[in-house]
Amino acid sequence: MRRQQVAAAAGAARWRGGGGGGAATAWWWVAAVVLGHLVSSARAGLLESNPGLAYNFYQKSCPNVDSIVRSVTWAQVAANPALPARLLRLHFHDCFVKGCDASILLDNAQSEKTAGPNLSVGGYEVIDAIKTQLEQACPGVVSCADIVALAARDAVSYQFKSSLWQVETGRRDGTVSLASNTGALPSPFAGFNGLLQSFAARGLNLTDLIALSGAHTIGVASCSSVTPRLYNGNATNVDPLLDSAYAKTLMNSCPSSSASGTVNLDGRTAVKFDSSYYTNVLNKQGTLASDAALTQNAAAAQMVQDLTNPIKFYAAFSMSMKKMGRVEVLTGTNGQIRKQCRQVNSS
Ligand code: HEM
């Protein structure tokens with residue numbers, strides 16, 4: 001266990017705390033962060049061999065990388081509370097398509113970002129701003145893929161003022177980005193088995209599926225991702241896995257099958273990164289059909305129940321983010337370190 005992180009967690013608790021209520025907050029928060037780091041350190045190594053990543057990979061080559069990424073990310077999140085969700089999803093969509101290699105950032109014709117599931121992905125400008133600063137501090141050293149992983153962590157961690165999970169670095173950037181590869185992303189209309197298969201294809205298991213789905217505790221979905229659960233053409237036709245009162249809430253935001261707005265993924269605490277997502281799912285108030293699908297398997301439903309506990313959620317999320325961050329990474333001399341995140345280096 002790294003001492004600075006415990007100290008940082010305790011510091012965060014003090015920052016959040018204050019009076020007697022603060023002391024209670026401090027206890028569970030420190031426990032959650034410590035447990036998360038412990039479990040992710042101890043178990044991720046056992047679950048999967050390390051693909052060549054390391055903590056502090058840039059210790060000698062770019063010692064200020066962590067503080068540069070954090071300061072740019074926190075400044076942008078302070079001005080735009082939608083960014084934690086965007087950056088977290090950006091990292092997920094990067095890792096699931098040809099691995100965590102920043103291929104989602106490339107701007108060429110027919111690239112990944114032009115594909116349907118990526119049209120509502122954002123946060124690219126934050127990555128550009130971070131890259132600009134890093135190129136000034138340490139030219140040609142820090143990969144765009146690592147920036148995406150670090151920015152996701154820092155954006156989500158902003159509300160805690162302390163890192164919620166540890167990020168390994170040493171990824172290198174890919175040179176291929178094709179919209180046709182995005183079929184690897186899971187569909188919001190997938191059933192339980194489809195979701196499990198999609199994760200298994202990336203080396204992720206049931207625990208990872210349940211833990212990472214907790215990312216839907218923040219952010220929004222387009223009405224088009226939800227309306228098939230509410231309407232059949234012009235008729236109301238509510239998904240039986242959807243609570244009727246919550247269905248009405250969703251219908252208010254998306255009044256017809258062709259509505260174009262957005263809904264919060266977590267109807268309780270939309271911008272707080274907490275475990276209420278799991279309570280929603282148990283109460284048939286998960287927003288996407290894929291959220292509801294997690295109750296359709298006994299083992300999965302038990303895990304959903306377990307992760308309503310915030311301490312367990314943060315621990316499980318930390319561990320699974322570390323695994324997701326290892327998916328098909330390029331390391332060593334593979335790939336390249338892009339000079340600009342939106343285009344491959346001209347040799
Ligand atoms: C389990 C399979 C998953 C499916 C089917 C899925 C699907 C979706 C869909 C359809 C949306 C809304 C997009 C839109 O309508 O515009 C969304 C949003 C989001 N997803 Fe997932 N997702 C999954 C897993 C994940 C994972 C593993 C993460 C991250 C670790 C994640 C993070 C997010 C976030 C943060 C948002 C909100 C984005 C924003 O507000 O900009 N999702 N997801």
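Using N, Cα and C of the backbone, Cβ positions are placed for all residues, glycine too.
Among Thr207, Thr217, Thr227, Thr331, the residue that TrEMBL places alongside Asp266, Thr269, Asp274 at the Ca(2+) 2 binding site is Thr217.
Looking at Cys62, Cys95, Cys223, Cys254, the record from TrEMBL puts Cys138 in a disulfide bond with Cys62. Cβ neighbour counts within 10 Å, taken over all protein chains shown, single out His216 as the most crowded of the recorded positions Arg89, His93, His216. The two recorded residues His216 (heme b binding site) and Asp266 (Ca(2+) 2 binding site) have their Cα atoms spaced 7 Å from each other. Here the disulfide-bonded residues are Cys62, Cys100, Cys138, and the one whose Cβ sees the fewest other Cβ atoms within 10 Å is Cys138.
Same-chain residues that are not part of Thr217, Asp266, Thr269, Asp274 yet have a Cβ within 8 Å of the Cβ center of the Ca(2+) 2 site turn out to be Ile218, Arg268, Ala270, Val271, Lys272, Phe273, Ser275, Ser276, Tyr277.
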